[in-house]
Amino acid sequence: MSSLTLAGSKGKPITMALKDDFLFIFSRILAISLSSSILGRPATFLEDFGITWSDSHIKQIDGGRAIQLILDQNSGCGFASKRKYLFGHISMKIKLISGDSAGTVTAFYMNSDTKTIRYELDLEFLGNRTGQTYSVQTNIYTHGKGDREQKVNLWFDPAADFHTYTIMWNHHHIVFYVDEVPIRVYKNNEAINIPYPKLQPMGVYSTLWEADDCATRGGLEKIDWSKAPFLAYYKDFDIEGCVVPGLTSYASNPRNWWEGIAYQALNAKEARIYRWVRLNHMIDDYYTDKSRYSIPPRECLVGI
């Protein structure tokens, strides 16, 4: 019995030392478990993603830390995350198709993959003729309804190098970023009965496909297959969000960093840059599309 009262390495009885060690180990296991339910930062592509369409057209590079997507006359391709998320911060670095990319679409988006009520957050990069500006179209589906397109001309060549494209989704707003520049904001205005996606978890997807009926100048510019194969490159896959299924309290936890005060609205600098984007690079906006909306949708009346 005396051995039970000998001092441990920190001057505590061995029984207390063992108890403390157990609690420490248990707390570390719990912390790892909790963090893995909230965060998903894959070191390689296959850690967090799987190929959903035409595995012969997706090639892993640098030990799987980057990938190449291929579009040719045989097929496009696509991939998706292995998990779904409810709120979070999702980003990838993408190098788009160089040269003549007219008629192609490279898409990076989140989707609920539900057959009844669809939820989706879209970034679609619309190819163009050599030397002409790439544009990116965003759209938001909530409660099964989309038709919220906005289109922005990029102010740089997205095929010359990698650039970071981000979807920030929290309880307050959805923001699409290009290299930390906000190009689209959709606020949570549920208080005035404007739908907002907050109930359906969404997976992370990307596809490269031929869409020459609509991609470039409304389908006037067709794809030139003599320029195939068309290649896009991805790396630095970064998903930080609440994994579903998981503990239901995580998605509404205000201590998730993307729910913090700093991320509940654009800061003053971001707001200035966002206005600059809208004034100088916005080329299509459902807010002002009178051919579809004789009366603008309600979210268009509450400001950006």
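Placed from the backbone N, Cα and C atoms, the Cβ positions cover glycine too.
Predicted automatically and left uncurated, TrEMBL annotations should be read as such.
As recorded in TrEMBL, the features of this protein are as follows:
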ACT_SITE  Glu120  active site, nucleophile
ACT_SITE  Glu124  active site, proton donor
DOMAIN    7-234  domain 'GH16'
CARBOHYD  Asn128  N-linked glycosylation site
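Here the domain 'GH16' (7-234) returns a mean pLDDT of 84 for the predicted model. There are 21 other Cβ atoms within 10 Å of the Cβ belonging to the residue listed as 'N-linked glycosylation site'. Long-range C-beta contacts of Glu120 (active site, nucleophile), restricted to its own chain and to partners at least six residues apart, with a cutoff below 8 Å, comprise Tyr109, Met110, Asn111, Ser112, Asn139, Ile140, Tyr141, Gly146, Met202. The Cβ neighbour count for Glu124 (active site, proton donor), using a 10 Å radius over every protein chain in view, is 19.
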